[in-house]
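Visitor: Take this structure first; my questions come after.
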Amino acid sequence: MSIRAEEISALIKQQIENYESEIQVSDVGTVIQIGDGIARAHGLDNVMSGELVEFSNGVMGMALNLEENNVGIVILGPYTGIKEGDEVRRTGRIMEVPVGEALIGRVVNPLGQPVDGLGPIETTETRPIESPAPGVMDRKSVHEPLQTGIKAIDALVPIGRGQRELIIGDRQTGKTSIAIDTIINQKDQNMICIYVAIGQKESTVRTVVETLRKHGALDYTIVVTASASQPAPLLFLAPYAGVTMGEYFMYKGQHVLVVYDDLSKQAAAYRELSLLLRRPPGREAYPGDIFYLHSRLLERAAKLSDAKGGGSLTALPFVETQAGDISAYIPTNVISITDGQIFLQSDLFFSGVRPAINAGLSVSRVGGAAQIKAMKKVSGTLRLDLAAYRELEAFAQFGSDLDKATQAKLARGARTVEVLKQDLHAPIPVEKQVAIIYALTHGFLDDIPVEDIRRFEKEFFLWLDQNGQHLLEHIRTTKELPNEEDFNKAIEAFKKTFVVSQ
């Protein structure tokens with residue numbers, strides 16, 4: 001067999017023509033110091049702020065401090081396997097999380113990885129966790145109500161879709177319960193809910209997940225958890241991961257509710273990272289950009305304009321106070337960023353007023369525009385009644401003789417407090433809330449003993465379900481009060497059947 005030189009040279013030519021040389025350039029640095037979840041690396045000259053880097057053992061890190069001759073990296077995972085002299089390489093990617101419908105009903109960590117043991121999450125899309133908030137022209141003023149199902153909130157401090165309402169109070173005053181009840185009440189309301197647990201106990205998160213599952217709320221909820229046992233960087237990233245997952249739905253024209261439970265723990269985690277990165281401390285040892293940490297997160301809550309699809313993202317951030325001190329650093333920061341706050345007081349909680357909302361210190365700066373007309377009409381005098389009652393209550397303690405008007409105010413106030421009490425995980429539809437508050441503000445409860453008010457309410461709702469459906473339907477569909485004469489007749493008819501306890 002003869003070797004044909006032309007054929008061989010043609011083949012070699014073809015191979016040379018088809019040869020593509022691809023040189024992969026990757027920035028590689030060396031770990032020069034490691035400890036407390038922070039690594040310092042030398043040689044990553046072109047790394048971006050917030051870029052993901054990969055250590056030789058596969059653990060990821062995030063470049064936060066870009067200094068003259070080294071880079072400060074926070075490690076997103078166990079750091080015990082990393083040692084001085086190890087290689088660390090750039091990925092060229094900014095921190096991203098998976099987003100999409102597949103996350104609904106799942107419990108994930110701040111990196112979007114499932115922690116509920118239900119197998120992998122099939123998502124095809126990711127979004128960077130740091131993204132700019134919608135601009136002025138992309139927004140619309142808040143005008144649609146977000147019904148929490150809690151009488152004290154829907155009547156006194158209403159929340160609108162796209163609002164940021166701070167829930168503030170000491171530990172164990174029922175902050176998480178308010179959020180869970182609000183999520184449960186979003187059933188059939190076309191809302192996606194995201195519950196972000198920051199630095200909570202694993203057992204607490206488990207209880208929340210089971211409560212949501214029991215009430216069928218997990219079908220439209222994503223739970224993001226960075227528990228107390230996880231590294232500080234994950235606690236710092238958790239709220240951003242939650243809002244990023246929510247933005248995916250908001251930009252598709254859907255409505256989202258994000259609960260951050262709680263931002264004081266995120267601030268503490270960020271303080272820890274900053275001090276370990278040797279950034280200069282400020283007031284209460286927090287770094288100088290602690291305000292920006294929360295403002296850039298909460299500014300991403302918005303009601304989008306119709307041109308942008310009309311979606312909304314409502315934020316319910318929590319802040320834990322120490323001994324009711326709302327003038328501390330983090331509480332005042334977050335109060336100034338949000339559109340109002342709901343202040344929960346431990347004194348009220350322990351005296352049996354639950355939800356323990358202090359009506360005097362709680363406000364909603366934009367929610368009034370979102371309240372339905374019927375509720376606005378009936379709850380107009382409620383806040384003043386409560387404020388007057390709290391003021392007079394102190395005088396009444398002295399037991400001196402009080403005139404008729406003062407006695408009437410005290411009696412109305414005591415009944416108002418009773419009406420605003422509510423059981424746990426029992427949200428009430430807005431039309432029923434309007435009915436009982438109408439009865440209260442129009443004097444129908446003035447002759448009912450205070451201890452019977454809760455029973456009156458329960459039986460009144462049952463009676464309305466059977467005999468007053470047309471009234472409830474009218475409020476539900478028109479958002480207006482029904483004919484006053486018909487409403488009064490219905491309440492009088494029920495009062496005739498109600499038996500006062502002896």
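Cβ atoms are placed via backbone N, Cα and C, with glycine included.
Residues or ranges marked as region 'Disordered' by Swiss-Prot: 115-138. Look at Swiss-Prot and you will find GLY169, ASP170, ARG171, GLN172, THR173, GLY174, LYS175, THR176 tagged as ATP binding site, backed by sequence analysis. The site 'Required for activity' annotation in Swiss-Prot covers SER362.
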Visitor: Quick one: which residues besides GLY169, ASP170, ARG171, GLN172, THR173, GLY174, LYS175, THR176 have a Cβ within 8 Å of the ATP site's Cβ centroid, in sequence order?
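Guide: Output for this site, in sequence order: GLU320, LEU344, SER346, PHE349.
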Visitor: Determine the Cβ neighbour count for GLY169 (ATP binding site): the number of other Cβ atoms within 10 Å of its Cβ.
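Guide: Within a 10 Å radius of the Cβ of GLY169 (ATP binding site) lie 28 other Cβ atoms.
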Visitor: Are there any residues in the same chain, six or more apart in sequence, whose C-beta is under 8 angstroms from the C-beta of THR173 (ATP binding site), and if so which?
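Guide: In sequence order, the residues whose Cβ lies under 8 Å from that of THR173 (ATP binding site) (at least 6 apart) are LEU344, GLN345, SER346, PHE349, ALA356.
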Visitor: With Cβ-Cβ distances below 8 Å as the criterion, list the same-chain residues six or more beyond the ends of the region 'Disordered' (115-138) that contact it, or say none.
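Guide: Sequence-distant neighbours of the region 'Disordered' (115-138): 50, 94-100, 102-103, 106-109, 209, 225, 237, 240-241, 244-245, 247-248, 296, 299-300, 302, 304-305, 307-308.
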Visitor: Between GLN172 (ATP binding site) and SER362 (site 'Required for activity'), what is the CA-CA distance rounded to a whole number of Å?
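Guide: Counting only the Cα atoms, the answer is 18 Å.
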Visitor: Highest CB neighbour count within 10 A among the binding-site residues ARG171, LYS175?
Guide: LYS175
Visitor: Please count the residues of the region 'Disordered' (115-138) that DSSP assigns to helix (H, G, I), strand (E, B) and coil.
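Guide: The region 'Disordered' (115-138) comes out at 3 helix, 4 strand, 17 coil.
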Visitor: Among GLY169, ARG171, LYS175, THR176, these being the binding-site residues, pick the one whose CA is nearest to that of SER362 (site 'Required for activity').
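Guide: Nearest in space to SER362 (site 'Required for activity'), counting only the binding-site residues, is GLY169.
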Visitor: Return the count of C-beta atoms lying within 10 angstroms of the C-beta of ASP170 (ATP binding site), excluding that atom itself.
Guide: 18
Visitor: Could you tally the C-beta atoms, other than its own, that fall within 10 angstroms of the C-beta of SER362 (site 'Required for activity')?
Guide: 22
Visitor: GLN172, THR176: which of these binding-site residues has the highest Cβ count within 10 Å of its own Cβ?
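Guide: For the binding-site residues GLN172, THR176, the Cβ with the most other Cβ atoms within 10 Å is THR176.
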Visitor: Are there any residues at least 6 positions away along the chain from GLY174 (ATP binding site) with a Cβ closer than 8 Å to its Cβ? List them or say none.
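Guide: Residues satisfying the criterion: LEU344, PHE349, ARG354, PRO355, ALA356.
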Visitor: Check the DSSP secondary structure of THR176 (ATP binding site), expressed as helix, strand or coil.
Guide: helix
